[in-house]
Amino acid sequence: MPRLLCTLHFVRHGETTANREGIIQGHQDYDLTPIGINQAVATAIRLRGNTYWQTYSSDLTRASHTAEIILEEHAGANLRKTPLLREFALGAQEGLPRGTTWPRARRMKAEAAGVSPVAYNESLRESPADVHKRAQQFLASLVSDAVRAADDGTVNRVGQGRNGRHDSAAEAAAAAEARNGDENARLALVVSHGGILNVMMLTVMGLDEKACPLMRNCAVAVVDVVDDGRGKGRVRYVPRTLNDVSHFQSIRRQCTASADKMMSLR
């Protein structure tokens, strides 16, 4: 009989200075912008009605900072930062304007280093197959932990963030959505990057490409991991929400309220 092993909450990091300026990031580290921090706060508000069984992020600052903001009000959450969740390594293209081709990037970097393009020693550059392998390794480990927890009867009570309080009907509804009818559901938070999340959902999970666009900054995707009873750790990934940014309405409401307040003081 099929059983729900866990539910995954995927989040892409908030806007960075490189996102804003149109710079290729890859493995280079960039800070969140004020907008990116606000996006992470809005995501935290959306998700704070939950208690997480496991929490993960890429070890790059833009993802780990986003995760830390989301988990600020989740006492005892143990964030695991892993290089398995890093973005594509893009070699010579990293740090250059978006749209710069790889051959041109190699020429530019070689010229800056004072060497020929042939002699230029490029930093790590990953193929889609390389990133697929990383994503597959991460998911396999997470699913293995979920199977063990399910077999042992280990659960977490969803909706116990902030000492079990829900400050609004929206928070209560979000917690109920996460439970999906299962009071003992295990929830895992995964904060990462657009490229690897796209690979994870399309080529590892096998989700529908048309329903799975590249995730926006701080978008949320909710995917159930279901043991379909075939054994040998085989699971199905069942999406419930993909690339959802409806929680950004809270940012717009706050901006509107601030603007109204400023107008009243004039």
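Backbone N, Cα and C define each Cβ position, glycine as well.
Please treat TrEMBL annotations as automatic predictions, because they have not gone through curation.
Site annotation for substrate in TrEMBL covers ARG12, HIS13, GLY14, GLU15, THR16, THR17, ALA18, ASN19, and the matching candidate from ARG48, ARG62, ARG80 is ARG62. Just so you know, the Cβ of ALA18 (substrate binding site) picks up 20 other Cβ atoms within 10 Å once every protein chain is counted. Around ARG62 (substrate binding site), the same-chain residues at least 6 positions away in sequence with a Cβ under 8 Å from its Cβ are HIS13, GLY14, THR16, GLN25, ASP29, TYR30, ASP31, LEU32, GLY36, HIS193.
In this entry, substrate is bound by ARG12, HIS13, GLY14, GLU15, THR16, THR17, ALA18, ASN19, ARG62, whose most widely separated C-alpha atoms sit 15 angstrom apart.
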